[in-house]
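Lifted from Swiss-Prot, the feature list:
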ACT_SITE  D336  active site, nucleophile
ACT_SITE  E371  active site, proton donor
SITE      D443  site 'Transition state stabilizer'
REGION    460-479  region 'Disordered'
Amino acid sequence: MTQLAIGKPTPLGAHYDGQGVNFTLFSAHAERVELCVFDANGQEHRYDLPGHSGDIWHGYLPDARPGLRYGYRVHGPWQPAEGHRFNPAKLLIDPCARQIDGEFKDNPLLHAGHNEPDYRDNAAIAPKCVVVVDHYDWEDDAPPRTPWGSTIIYEAHVKGLTYLHPEIPVEIRGTYKALGHPVMINYLKQLGITALELLPVAQFASEPRLQRMGLSNYWGYNPVAMFALHPAYACSPETALDEFRDAIKALHKAGIEVILDIVLNHSAELDLDGPLFSLRGIDNRSYYWIREDGDYHNWTGCGNTLNLSHPAVVDYASACLRYWVETCHVDGFRFDLAAVMGRTPEFRQDAPLFTAIQNCPVLSQVKLIAEPWDIAPGGYQVGNFPPLFAEWNDHFRDAARRFWLHYDLPLGAFAGRFAASSDVFKRNDRLPSAAINLVTAHDGFTLRDCVCFNHKHNEANGEENRDGTNNNYSNNHGKEGLGGTLDLVERRRDSIHALLTTLLLSQGTPMLLAGDEHGHSQHGNNNAYCQDNQLTWLDWSQASSGLTAFTAALIHLRKRIPALMENRWWEEGDGNVRWLNRYAQPLSTDEWQNGPKQLQILLSDRFLIAINATLEVTEIVLPAGEWHAIPPFAGEDNPVITAVWQGPAHGLCVFQR
């Protein structure tokens with residue numbers, strides 16, 4: 001039997017050098033680490049890793065080749081009260097594995113035990129890691145590096161975006177390949193999108209609870225192997241990496257960036273009753289935030305929280321991010337529950353992972369977007385991230401919905417959100433683009449559902465409608481559900497137009513949820529994380545071409561307005577913005593706080609957004625000059641000069657002079 005050589009302690013993971021494979025694994029508390037390799041017949045061969053450099057265990061297997069399947073058995077104490085849960089009866093996934101073979105099924109053998117260890121061997125059913133060799137021709141690929149001020153983000157799910165697209169070949173729908181298909185790229189280009197933000201593509205598992213109900217984790221926020229692509233989105237699992245890179249290369253050629261939603265806050269091992277896949281059995285005490293009683297700090301709502309202040313975990317997370325940039329040429333990241341990244345355990349802007357990213361010549365050059373909260377005390381950190389980060393702006397989301405759908409927001413508060421929420425983000429040398437403005441996202445109502453439902457309808461999720469937020473700031477316009485009279489449909493359409501216009505013509509970085517531009521509905525489900533079906537897949541055959549054209553026209557209009565593209569904070573008298581009342585006069589303090597919901601926003605001295613958010617048709621006197629309505633609010637031919645706009649109830653219009 002071949003013996004392992006000592007090998008070397010870096011880099012982490014399994015790496016083929018042309019003559020064999022070097023294996024490395026971090027564990028500060030292990031007493032012994034076995035490398036387990038499996039031949040074509042599934043026969044297991046075990047090797048003790050002979051090298052032990054600090055907290056890194058390592059060994060070199062001569063003559064090993066790409067395609068080799070492997071895992072680890074890690075020996076150490078079973079001391080739950082101290083946070084140690086070693087169990088060598090369980091085969092473990094390499095945290096840095098780049099491909100996984102097998103499925104993460106709900107099986108008692110994939111659990112280590114709660115108070116007492118489960119010593120039943122699980123190698124026969126446990127997923128295995130696969131050694132991967134990296135040879136890929138990027139040709140002349142170069143990142144688009146779209147300036148933040150010019151960025152338009154489109155948030156989409158790999159499968160849901162294309163699975164029902166009639167113009168994409170059936171055999172590649174719902175896959176990485178489909179993202180790079182000319183039909184999809186042309187659509188994004190015509191819409192005006194500059195960055196495609198993908199929900200998680202790293203290998204994830206469906207929670208046992210969902211599997212027992214016949215459901216699955218659709219969104220992917222339950223990671224198990226952060227370096228490996230989720231194989232279900234590939235035409236062939238063996239070629240997933242190349243399929244993904246082909247798509248990125250094609251998108252880059254079209255000038256479209258790719259941003260990955262990445263989950264560094266927790267793992268699919270969940271709470272202490274959850275499965276044992278990897279980190280818990282490798283070094284539970286180091287990888288997770290552990291309470292004094294040995295249980296987990298659950299600051300994520302998912303059962304556990306990664307300890308991103310531990311030096312080894314910081315190295316692991318940093319290596320993971322660098323891998324996606326260097327190996328896959330991604331252009332940035334959106335970090336789920338990103339407040340966890342700054343916990344020490346209190347949140348700090350100079351937390352170790354933030355500092356590592358700031359000092360990394362690779363990671364400091366890509367787009368970084370934070371979901372700036374977690375569920376722990378002190379977890380709401382909107383506006384408090386380091387300068388390199390942009391942040392999801394929930395202030396904007398709630399303000400836009402309240403203004404147009406609940407009618408209870410003063411003009412001053414609305415204007416503050418329209419101006420990139422400068423009260424929140426204008427600090428630490430940050431620019432307006434730090435505010436990622438959104439009206440909807442993957443979690444919550446779709447845009448159409450915002451105007452069709454007053455209440456969530458999540459019964460299909462199997463939690464008796466308890467899941468999902470109740471604070472939707474939605475308005476069904478008088479009837480719960482889709483459909484209705486022509487008048488109802490038109491009023492809902494007008495509200496959608498108003499929300500889209502507010503999103504796409506505000507200062508800051510706009511993010512559009514895929515499907516909102518053509519009226520996608522989830523039938524009132526505002527937490528469709530476990531709905532891998534027609535509820536979430538975009539139905540292109542039912543798409544509203546009129547709404548799509550309206551959205552595209554708004555995006556292209558945005559690109560013509562210097563005040564929105566220059567990414568500079570607006571200052572009084574700089575010519576970027578003027579705020580006027582219905583008579584084209586500056587608003588008084590009382591009007592800002594208590595006045596009627598009528599406002600004119602003059603941008604770059606040439607573009608005028610006239611707003612009447614009252615219940616009555618109102619005459620709006622435009623500023624001096626020859627004004628004409630412009631697309632998408634009027635045709636391009638034969639512009640009509642006007643000095644007064646008869647503003648319909650809850651309406652708006654954009655003019656140019």
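Count begins at 1; order follows the chain as displayed.
Positions of Cβ are set from backbone N, Cα and C atoms, glycine also.
Classification of D336 (active site, nucleophile) by DSSP places it in coil, neither helical nor stranded. Helix, strand and coil residue tallies for the region 'Disordered' (460-479), in that order: 2 helix, 0 strand, 18 coil [DSSP].
Residue pair D443 (site 'Transition state stabilizer') / D336 (active site, nucleophile) shows a Cα separation of 12 Å. Secondary structure from DSSP puts D443 (site 'Transition state stabilizer') in coil. The CA atom of the residue listed as 'active site, proton donor' is located 5 Å away from the CA atom of the residue listed as 'active site, nucleophile'. In the three-state DSSP reading, the residue listed as 'active site, proton donor' counts as coil. A C-beta separation below 8 Å, combined with a sequence spacing of at least six in one chain, links D336 (active site, nucleophile) to P200, Y221, D261, I262, V263, L264, N265, E371.
For the recorded positions E371, D443, counting C-beta atoms within 10 A of each C-beta gives the highest total at E371.
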